[in-house]
Amino acid sequence: MTEAFDDDPYEGALSLSQRAMSARGTPYLDGLNTEQRAAVEALDGPVLMLAGAGTGKTRALTCRIAHLLNTGRARPNEILAVTFTNKAAREMKERVGALLGTGGEGMPWLGTFHSVCVKLLRRHAELVGLKSNFSILDTDDQIRLLKQLILAADIDEKRWPARQLAGLIDGWKNRALTPEKVKGRETAAFNNRGSELYDSYQARLKTLNAVDFGDLLLHMVTIFQTHPDVLEQYQRWFKYILVDEYQDTNVAQYLWLRLLAQGHRNICCVGDDDQSIYGWRGAEVGNILRFEKDFPGATVIRLEQNYRSSEHILATASGLISQNTGRLGKELWTQAQGGDKVRLIGHWDGEEEARWIGEEAEAIQRGTRGNDPVSLNDQAILVRASHQMRAFEDRFLSIGLPYRVIGGPRFYERLEIRDAMAYFRLAISPADDLAFERVINTPKRGLGDKAQSRIQIAARENGLSLLDGARLLLQEGALSGKAAGQLRLFVENIIRWHDEILSASAASATTAAGDDDELIEPDAAGVAPANDLSHVRLAEAILEESGYSEMWLNDKTPEAPGRLENLKELVKALEQFENLQGFLEHVSLIMDNDKQENDDKISIMTLHGAKGLEFPVVFLPGWEDGLFPSQRSMDESGQKGLEEERRLAYVGITRAEQLCTISFAGNRRVYGQWQSQMPSRFIDELPARHVDVLTPPGLYGGGLGGGFGSDHAASPAMADRAARADVYNSPGWRRLQQSAARGGTTYSSPKPRGKPVVIDAEEAAAFTIGDRVFHKKFGYGEVMGSEGGKLVVEFDKAGEKHLLASFVVPADSADDVPF
DNA sequence: GTTGGTCTGACGGTG
DNA sequence: TCAGACCAAC
């Protein structure tokens, strides 16, 4: 695990490249600052580029690639450059292309970790018992498969849901732990059978000739570790390695990189420990903190000049992040001066917050806030969790404010698209059992649970795929008339489609022969526009002949037309690909959905999704304890979790160039129930000097402030003083902050005691606020009030619950009740 | 086997 | 709020 990087046989390469450098100009170096330039020119040996938010990291990185190519140190296909997102990969490709005046193609190994690994794994699949045409399961498939395994293991799926198992297994894979390595590390989860389930999951994947996302990395690490010859080949091949967002790498990615970097030792990692926000999916900030130990003699370059944000915004972000411990430490600075302070405003509830932000965005767009007009495209709302988006969508729809949701439910995750894709998958590989299961009874073919389980049994007993199992049953005449007829049709269709694909690919194989030029491959399977569109026709035919399109035509629900529309779009998207196979690959890895739109719209996205982006105007709503920082994060990871949330806040603030507005609401609907919220503890950590508080008096005190938010902008200084006095110094604020600091359980504002709670006619006044009650599952608690006919009880152990009064009894009578 | 109604528990994000 | 699970009726 700790192989030393002690010997570097490529030191002599220097003179060669220097010769090359003098041959061509280096215009791309112009305009870089000293540090950026150092980062671009330190080509050899390990380099760690600590690049704070907005310091021109991508610029430095792309210039570095250009420089590598321009100085002749490496050919485009000898550079391995990995990113986390498709967006980042695309951007880098484009920018390198622009710098060099080439198309931006021609860097086959610039991509996401996953896409690079797929490419590698297709070449070496047999080393881990797969065929090179393995399919990539998405989360949905994964869950369905795990569900079956849990069922088969006779474990209560209620108690141990498949989602949780998926999380467990992902966690292991992120840490590069194979089932063998997990054995003996058993936890109580899944009745101590977690590793057993993991093992059978992997076995099942192998028989399905499939991998999940985690496997892409894990398998490659396994191959590199067990086949030194393969590893050496790539160590030699990749002369330079570049890694974006290094702080987000997990253990598997880290090992993968280290193994590959052992050859030339030319690895350049770019990252910012303050922007590490993916701990929950296994990212190890430790990787970046440890870089200099891992790669002795590494050059460390800090990019600290910020070109993005105004002075106050930067200072606010810095003040906040300085509360974190264990940082590598960077001092961001800017030449920019003046500008608006970060604004802070509290609202009565989430809807009010959405309303205010909508109005504010429009005012800023028109320039009626005393500012220059800012288009909606240049404004963004960044939320902690995607469910917060809804309030904004509702509001914006009703006032007709154009918006776009970025990273919302993705096109390819829609039901109808997944169904259609399952048909395509079956056509390509009829043995794809997961796809078979998905659509065997969609549209309804009268093949319900009973028929399906018979097919399952027939398949398992004979070691066949479900399709072949079904054929067997048909041959034996084991099914009754109607079901048999439908099944026969289904099976015959699949085989016919499959045959068409086979003959189509046989035809194209004769025309398109060509060997791999060493490790150079045509980029991703068939993204090039195809002139032969037979696969598009086939796709249409599949949707027709399966009866799938018809199913939605006959569907009277309001969403049916939209679904048909989506299916059309799907078929259209196919035109860009050479064949169905290439399309499926694209979908499983790319799956992104951001269309180029030219309309002026405000963006709504999650904080995670906003990383790497910047906007002149940014709104950061929902800064409430429990929501942000998220309760779950703190429960799961304690102090570490809180610091990660703080980094997320830092990422949010640093997205803003000119104007950043933080807001919180006193009340919010959670799971459709109203809940009182407390301002986020992060608000208290903002350096007051750089913050304008727009909150009017009385949000938490007496009368609830309606009517604020309109006039304070006219006299910001006054509003500032008045508001600060109220918000920062009011007893209410202090009390809230103190109870937050105690980590108190109370998310409810104080309620008057002794007032009867009317639940319904029968139960009227059965309970009073402040009553102690007992519930058979949640234990003892205190009645806080009522809502929507339900009792609100704060349980000592289980927290606040909303439940029917009939489920609790007065605490003192608990012993009398035979539960 | 299908449909439809009620009940329950989840909502952190990504490839 | 809302999807999925569950159960009763057709």
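Backbone N, Cα and C atoms are what each Cβ position is placed from, and that goes for glycine too.
Per TrEMBL, domain 'UvrD-like helicase ATP-binding' is recorded for A:30-310. Sequence annotations record features per position, and here TrEMBL assigns ATP binding site to A:Ala51, A:Gly52, A:Ala53, A:Gly54, A:Thr55, A:Gly56, A:Lys57, A:Thr58. What TrEMBL records for A:311-612 is domain 'UvrD-like helicase C-terminal'.
Of the chain residues outside the ATP site list A:Ala51, A:Gly52, A:Ala53, A:Gly54, A:Thr55, A:Gly56, A:Lys57, A:Thr58, A:Ala60, A:Asp272, A:Leu303, A:Asn306, A:Tyr307, A:Arg308 have their Cβ within 8 Å of the site's Cβ mean position. Counting other CB atoms no more than 10 Å from each candidate's CB, the binding-site residues A:Thr55, A:Thr58 peak at A:Thr55. Summary for the binding-site residues A:Gly52, A:Gly54, A:Gly56: the Cβ-based neighbour count within 10 Å is maximal at A:Gly52. A strand conformation is recorded for A:Ala51 (ATP binding site) in the three-state DSSP classification. Local packing around the Cβ, expressed as the count of other Cβ atoms within 10 angstroms, is greatest for A:Ala51 among the binding-site residues A:Ala51, A:Ala53. DSSP classifies A:Thr58 (ATP binding site) as helix under the three-state reduction. Residues belonging to the domain 'UvrD-like helicase C-terminal' (A:311-612) score a mean pLDDT of 85 in the model.
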